[in-house]
Each structure stands twice: as C-alpha cells, then as structure tokens.
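Colleague: Annotations for this protein, taken from TrEMBL, read as follows:
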- A:1-20: region 'Disordered' (REGION)
- A:37-53: transmembrane segment (TRANSMEM)
- A:73-104: transmembrane segment (TRANSMEM)
- A:116-143: transmembrane segment (TRANSMEM)
- A:193-210: transmembrane segment (TRANSMEM)
- A:231-250: transmembrane segment (TRANSMEM)
- A:256-274: transmembrane segment (TRANSMEM)
- A:303-324: transmembrane segment (TRANSMEM)
- A:344-372: transmembrane segment (TRANSMEM)
Amino acid sequence: MTTTTTTPTGTPPDGGPGRRSAGAALLNSLRTNMRQYGMLIALVFIVVLFQIWTDGTLLLPNNVSNLIQQNGYILILAMGMMLVIIAGHIDLSVGSLVGFVGALSAVMMVKHDVPWVLALIVSLLIGAAAGAWQGFWVAYIGIPSFIVTLAGMLLFRGATQIVLEGQSIAPFPKGFQNIAQGFLPEMGPYTQYHNPTLVIGLLLIVALLWKEWRDRRAQLAYELEVLPLGLWLLKCVAIVAALVAFTLTLASFRGVPVVLLLMCVLLIGLGFVMRNAVIGRHIYALGGNKAAAKLSGVKDQRVTFLVFVNMGLLAALAGCVYAARLNAATPNAGTMFELEAIAASFIGGASMSGGVGTVMGAVIGGLVLGVLNNGMSLVGIGTDYQQVIKGLVLLAAVGFDVWNKRRTGS
Amino acid sequence: MTAPVLQMRSITKTFPGVTALSGVDLTVRAGEVHAVCGENGAGKSTLMKVLSGVHPHGSYSGEILFGGEPAAFRDIRASEQQGIVIIHQELALIPQLSLAENIFLGNENARRGIIGWSTTLRRAAALLRRVGVPDKPQTRIADVGVGKQQLVEIAKALSKEVRLLILDEPTAALNDEDSDKLLDLILELRDQGIACILISHKLNEIRKVADRVTILRDGRTIETLTVREAPGDPADVSEDRIIRGMVGRDLDHRFPERSRYEGEDAGRTALSVSGWTVRHPVDPQRRVVDGVSLEVRRGEIVGVAGLMGAGRTELAMSVFGRSYGQYERGTLHIDGREVRARTVPEAVAHGLAYVTEDRKTYGLNLIDTINRNISLASLPKLTRRGVVDEHQERRVAEGYRDSMNIKAPTVFEQVQRLSGGNQQKVVLSKWIHADPEVLILDEPTRGIDVSAKYEIYTVIDQLAARGKAVLFISSELPELLGMCDRIYTMAAGRLTGEVPRAEATQEVLMRRMTQDDDS
C-alpha cells in the first residue's frame, strides 16, 4: 500500500503544502492538517512494525492484494461517510444498507436470473434511493441525522432479513464475484510481471507528473509563489519511486484487483469534487458554519440531500462488493460496518462538529484500521484483543488532535 | 451621603488590538439605583463583565472595592458569593424547567445531593410573591411571558442574597406595562437596601428610577450626573444633557472625503422597500419590523440609526431573502423592478448583498481559509463547468488582500486567526466580489480599531463612487454622520424619521431613536 502512504505528500488532498510556498504556508498547513499527517506517519509506522513482526509477510504481493480486497468495502463506505461528517451529519444506517442491497442483488441474480450487470445497476439505484429517503428527512424535514439513520439502521436490517427470509443466498455469477475477487486480465507476451498493471502504473506516473508540471506552470503564469525547483524535483522523484514500488508489488502477483480500480476512481473523483467542485465547497461551508453558508447563498437543503444520496450509492456499492467477496448474501452482512466507517473518518481527520476532513483522510484512516486488522491476524492476535486495540487507536488519534489543537490555541 | 457599596477605580481592559476600557471609574452608593449609559460599544458590557468576574481578576488593570474590601473575582461564581448578581439581556433561564427549578438552578436546596422539594417550593413561592409573580412555582418558564421571566430572574438573584443587582437592558424586550412593573420592583428593592446598576438606552426610564447616572464613551468615564437628590424630587437632569454626554466628540479626520458617482444613472432609485412588515420567528404576536418604507439611490450611502432592539438587523435580514422572521407583507423593488426574493440565492441573483453584524456567527466559516471564505458567495464566477478555478480564486483573494490591506501572510490563513478588523475585510471582500448593486452593511465597523475603521469607510465610499447603493446600519452615530447622505432612524420596529445629512446632528438622531411610538 505504498501508493496511498505517499500520495498525500505528492498531491495534497486539501490544499496541502506542496502547492503552496515553502515557509509560513507550509508550517500553517502542517499545523492545521496535523491529524492527517500524524495518521500518515502512524500508518507508515504500523506498516513497518508489522512488516518486521510478520517477517515480511505483510508486504508480500499476495498479502497486499488480499489487504486491498479485505478492506475495499470499508474504504468505500469511509469515503462516503467522510462527506456526511464534513457536512455536519452522521450516518448510522450504512451497515444495514450494505446487507440490504447485498440481499436484493442476491435475490435478483440467484432467484430471478437477472444478468449481473443489470442487477448491479439496479442495486446502486436502490442504494441511491435509500440515501434519498434518509436525506429527505434530514434536509427537508429537519430531523437530526442521528435519529433518521438510527431508524434506517433498524429499518434496513429488518428489511434484509425479510428479503432473505432469514436464509443466506448463494452463489453469485462469476462476473459479479469478480467485482470483489477479480483482477484485471493478463494481456500481451509473457514477462515476469502482469502487463496491464505495468501499463497502468506507467500511465499513472505520467499523468501525475504531467499534473504536477501543469500546476507549477499555471502557478508561475499567475505569478503565484511556487516550491523551489530542487524541492519540487525531489517531490516528483518521491512520487515516482513510490508508484514504481507499488506497481511492481502488484504486478508480481496477479495484477490490479478490480476493487482497487474502483477505489481509485472513487478517491480521485470524490477528492476532486470536494476540492474543486462548487458542491464540494458548499459541503465544507455548511459543516463549518451553516448560518454563514446559508447567508452566502448555499442551498443547504439540496446539498445535504445530495450528500446522503451519495452515501446511499456508496453503501450500495460496498454492499455489492461485500456480497461478491463472501459469494453469498447473509442476513447479518454489514453489521457494525457503520462504526468502522465512522472510526476511519475520525482517525483520518474528520471533526465531530463538521467542516473538516478530506476524502484521502478517510482512506488513510481506513487503512490504519485495515493494516491493524490484517497485521494482528497474521501474528495471531485474537479478534477480542484486536477490538480493544482498535478502540484505543481511535481514542488516541482523536485525543492527539484535541491536545494538538489546545496546544496551538486554535 | 451614604457610603459606597462599590468602587471601581481606573479599570482598563484591552482585547487584542482594541482597548475596550481605559481608566474607567464607577462608584455606586449603598441603596441607590445607578444608571450606566453610553452608545453601543462604549464599554458598558465590558465593564459589567469585569465587575462580575466574566473577565477574571488579572485580565484587567485597576481596582475594585466591594463593600469596602478589595475584590478579585476569578469567575462569576466568586462574584455571586459576594452578592453581585448580573442579569443579562438574554435571559439565562431553562424554558423546560419550572419557575422554582430555575430560581434555584446551580444553587439547589439540597442535602447530600438530594433536592428537598418542599423547601424549594416554599422558598420559591415566597420569592415569587416578593417580585410580584402570581404564578405557581411549578409552572414551566416557557408558559409565562417574557415580562414575568425577567421578574423570575430577579427572584433568582434574590435567592442568592444579592447586595448589588446589575440589570443589562432589562426592558428591551418588554412592553410598557411589564416595563413599569419591573421598574417599580427595582425601586422597591432599592428601598430594601439593594443597590442596583441599570444599563439602559431608554432615557425616560433612567429619569424615572435612577438616582445617579454615569456616562461612558469610547471606553472612558465621561461624567457622573445626579439625577435626583432624594426619591420623589423633580429630576434636575434633562434627557438632552445625558445625550450630550453620550455623543459629544469631534468628527475631524475620522472619515474619508466622500466621492461623487458620476454615472448616467446617478440618482436613480436602486433599492426601494415599502410597507415591510416582519413578525418575530418564535413569537408571531410581535412585529419586529412594522411597515418600514425606505429608498436608496445609486451612488448614495444611506444610514439606518437605531438602538438595540429597534429592528434594524431584522429588517435587513428579512429583505435579504427573508432570512429572518416571518415575512408578513411589503414590497421590494431593485432598479425599479419588483423583486420577490424568497431565498438568499434569489436575493443574491437580484443584486443584493448583506454584510452581517455578527461576522463570526453569520459571516464567516472560521475554520476555513481566507480565499475560500471570499469566494463562497460568488463561486459560479470562478467556476468553469462546475470546477472551481483555484488559481483564479487564489489570485482574486490575493487581489483583495492587497487592495483591502488584509493583514495575513498568505490567503491560505485560517480566518479565525485574523483580528476582527481583518475578518471584517474578508466578509466585505466576499460580498464585493459577488458584485451586487445594493449592499446592506450591518455594523460594518463593530469591534474593530480606529485605523481599520478608516480603511473600511474608504471601501464603502468607493463602492458608492462606483454607483452601488449602500444601506449603512450602525449604532455609532458619528460614523453615520461622517459617511451618509441621508439617515433613517428606527425605534421599536418602525421608522421614526428621515434626516438629510445637512440637518443631522447626534442630538436630533438620538432624540428620534429614543422616542417611543407615542409621537
């Protein structure tokens, strides 16, 4: 998972220091994004710790693939949850929604022989509709999101059990299973590595470098302050090195997992929306100061509504991924997922009062939990102790942030 | 002459960048009602916060003697133990709890943590009788009117063995009958030996109940006048005399030279409001704005003067996309066209902008950066196909940083790290960048220092010189006189006058602002 550990230094998710001048702005950004950088460092530390502890098993190519597939659905949920929390809300229903959508997809595909692509699309639409249902009560009626989604948690869990009649449904068509278990197909001549992965890695490197160069040129054209050339080159080298290492790791096993592709699309897409699109700004503004945002012309109800629709959509996607990974829809699928997603968001820099956080932060927070899970399982720590440790990590992450804020007096 | 119960000597209190009090003296004698008056921002509230321990000992300089002893209060609790109780304008009552529970909140009749209900109810009933509230102690606060709530606050104070009662604008939200009741109670308590500091804008009230009055201006004590020697004596201080003390200061060089707008549509009416009436958001019986009609022409700066509670902000916010209260009736024309702006986006689309008086609550996202606060109201202008052009945004923000002289190392500084004056410039930049035709500025210079004020006046002047229509709401009469072409006055939700610049003096304005609706 080297890529995710280093990209934030390369392309900062929320106006990080790379794009600003060195000096004051960099220090300021470091200070305000302390929790996220702190967590990045913590993630690297945890990875190194388990890499040593497991005698190198953690970062073996097959375990890296496994890690991605194991955590894909939580990361997808965490990204949506981050948006909800930034907007100043919470969504407790996503775990139940994961189960519900998984159950519906199973009924469609297994009992009614619906083609899996069609079933997937319908499932996503159902998720969006469920999100719209909750968003309606929160945004337009004004019921607190905690209540609405607590009701949703019960409602969708019950609906799951009704749909499945208390039974598990299996197995899924091969194509559907591939969403969670598959890899990009191999193409071209035999090399030591997985060819498409190499191509994708190369394209990604070129794209990132091009973006860096274009940003720098635009900044110069606008006569804005830029990073000194030496530092900038160093940053580019770091990006390339990290991506090469990650690409080779994946390419030496079975290539890019489909889930990783999904996650990357979401990460880039949502990250872009939150950073560069008008609606993203409006979400931050609403969470930061709702009254001021409304008086600045932000359509608060519509924005809140859309945030919940997005969450529903992502929960449905996570539901399909999870069902595909288990190759079964079970009545208890997705239990406690909402808490994992919420924990990931807070570890990754969200604030209870809203207005703060990045999509990349949610991914980092999710990875901290995921690597802890995977690493502790590898060294044989039981799930009982795993829970205790994860709880303490959450407390420590947020506690550190509170302490840091008090110290810097912000 | 009776001995002083309270002596505050040369109290000085500074906030970062602002001196709120400088060398203020205040002496209150035992058993007197002592009024403190001054314009908004003169330092009355800060002085009371110093006295009651909200600003703890050590955060100000100067000396407080209470009952002859030096007092060094660490917090409100400490001052209350000594018998100093402050009743704020916003009542500190819990609506869902009963009168009795509210009276003893934080001071319960309890033994080992268990509340003795019979004692509580008995004592509450006695206290309520004393302040003249006939309701049962079990009645919920939410079920009694605001007049009685004010009396319950006093009962709460009495339960703490109060020696000095501080009332901050106690009658601002009360009708005449309730006000009279409250003022009578103050006199009654005085006769029982409880001294009282009364902060009030209403001069007739001061003349009715106060023994002496201390006037503050710009954080200094101007003078202490004796209203009457003995109860019942005819007052020997006129309202004009008090007004002169409140407003007297020179107006030289504090304002930029006004520029003229030379465009061909100069003098055309840009904003016209007529018959605007708004009801209170939670108490629909009350009209907070009542039949207000006014006009602002292009290139004109028009002032709105009024004391707290006059309905100025409520008028402005209601006109701005009905963002306050319940709209009842009234029409709005912009550039001669009737406009129905029912939401803020509609108001913005029609060329309106409202710069709030409370920048922290309604103006800024404090945890966000300067550039993103400035762009928030006009993101579509910085956007291509839904994508914000960040470089352009940054350049715009840096442009405003330079032209408005916002003191910050970069435009990526968090707004909460800026001083009040610089925050205000960020809010102004936000709305200037939205390029409205009509700007409503609500107390644009509140809480900022003199040099920043001058910069903001200059910005306002330039807006008018570019043909914008500016409605300038302020509690500081000198700045209205220094900046405006015409000034409207408001009191109790109504317009009470329209004064051209040539005829406006602080005395004329203050008289219209303090007049009740009987004229």
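Cβ from N, Cα, C; glycine included.
For the listed features, I'd like the structural context: burial, neighbours, distances.
Modeller: Within the chain, the transmembrane segment (A:37-53) has long-range Cβ neighbours (under 8 A, six or more residues past its boundaries) at 1, 5, 8-9, 30, 59, 347-349, 361, 364-365, 367-368, 371-372, 374-376, 378-379, 397, 400-401, 404.
If one looks beyond the transmembrane segment (A:193-210) by at least 6 residues along the same chain, the residues whose Cβ comes under 8 Å of a Cβ in the stretch are 10-11, 183-187, 236, 239-240, 243-244, 246-248, 250-256.
Cβ atoms under 8 Å from those of the transmembrane segment (A:303-324) belong to residues 72-74, 76-77, 79-81, 83-84, 87, 89, 91, 93-94, 97-102, 105-106, 120, 123-136, 138-140, 145, 172, 176-181, 259, 262, 266, 279, 282-283, 286, 333-334, 337 of the same chain, restricted to positions at least 6 beyond its ends.
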Colleague: Take a look at A:73-104, A:116-143, A:256-274 and tell me which one has the most Cβ pairs under 8 Å to the transmembrane segment (A:344-372).
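Modeller: The listed stretch sharing the most Cβ pairs with the transmembrane segment (A:344-372) is A:73-104.
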